[in-house]
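Pulled from TrEMBL, these are the features on record:
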DISULFID  Cys60-Cys273  disulfide bond
DISULFID  Cys109-Cys118  disulfide bond
DISULFID  Cys123-Cys129  disulfide bond
DISULFID  Cys179-Cys262  disulfide bond
DISULFID  Cys184-Cys245  disulfide bond
DISULFID  Cys192-Cys208  disulfide bond
DISULFID  Cys212-Cys221  disulfide bond
DISULFID  Cys222-Cys232  disulfide bond
Amino acid sequence: MHIEKYFSLYTHTSHWHTFHTKSYTMAKTSLPLAASFLLLISFSSAVDTSRLFLTVVNNCPFTVWPAIQPNAGHPVLEKGGFALPTFTHRSFNVPTTHWSGRIWARTWCAHYNGKFSCLTGDCGNRLECNGLGGAPPASLAQFDLHHGGHHDFSSYGVSLVDGYNVPMTVTPHEGHGVCPVVGCREDLIKTCPAHLQVRSHSGHVVACKSGCEAFHTDELCCRGHYNSPNTCKASSHSLFFKHACPSSFTFAHDSPSLMHDCASPRELKVIFCH
């Protein structure tokens, strides 16, 4: 049985689909809009706001399942994944020492017959990824925190190198220096070229592949001879993403200036459907 058989598409809100399951009851929020905004400025007592912390916000009109993967040698945060209902957030501290990794959204997820799986961003059929990566295509927020020697720099960026599944931005708070809001706010599900589309078994477009994921060539994947800044170049496929979302990475050796160094931010906020 395919997971999307247990979903029913019932409305569109701001060009984004919401859905419900026929096989189980999805977590919902009944908070009025004003209350949802209050959630964004109230934090759990478990979060030490004197330290750098990450806040993951779901502005999508449907539940997403954020996933967190550390780079090699760094600890897993929040067990690597959790459910985040619409218009809610989750905040958590990061280590006080160097940490790097990525965050993405999993969508169209469900439990069925004891198995958890997602149509986009799935990490080995687990709710808690525990260090596993996600299946492309998925929009990625990338972080390199507490680096720079004597300076408490945090670098961040949004990558569409592995394709796209939801809009995503990263917003720093209380930092100094180069601390812009970056990411991709566009609904690329609506405009994704046919040859890059990922569809559910009922025909709905659920994600947009990169050229590498679609064609698997060394040139598009920047492998082998093409794995250097001199030979790895933009393609017509990466330019589709770049034109829509210029502040995002769209191929492996895209401009390094897109990874911003922000000194001593108090919070980095990842917002889905921003």
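Note: Cβ is positioned from N, Cα and C throughout, glycine not excepted.
Across the fold, the C-alpha of Cys60 (disulfide bond) and the C-alpha of Cys129 (disulfide bond) stand 21 Å from each other. Rounded to a whole number, the distance between the Cα atoms of Cys262 (disulfide bond) and Cys184 (disulfide bond) is 19 Å. Annotated pair Cys245 (disulfide bond) and Cys179 (disulfide bond), C-alpha to C-alpha distance, rounded: 18 Å. A gap of 23 Å separates the Cα atoms of Cys192 (disulfide bond) and Cys232 (disulfide bond).
The Cβ of Cys212 (disulfide bond) has 24 other Cβ atoms within 10 Å, all protein chains considered.
When the Cα atoms are compared, Cys129 (disulfide bond) and Cys118 (disulfide bond) turn out to be 12 Å apart.
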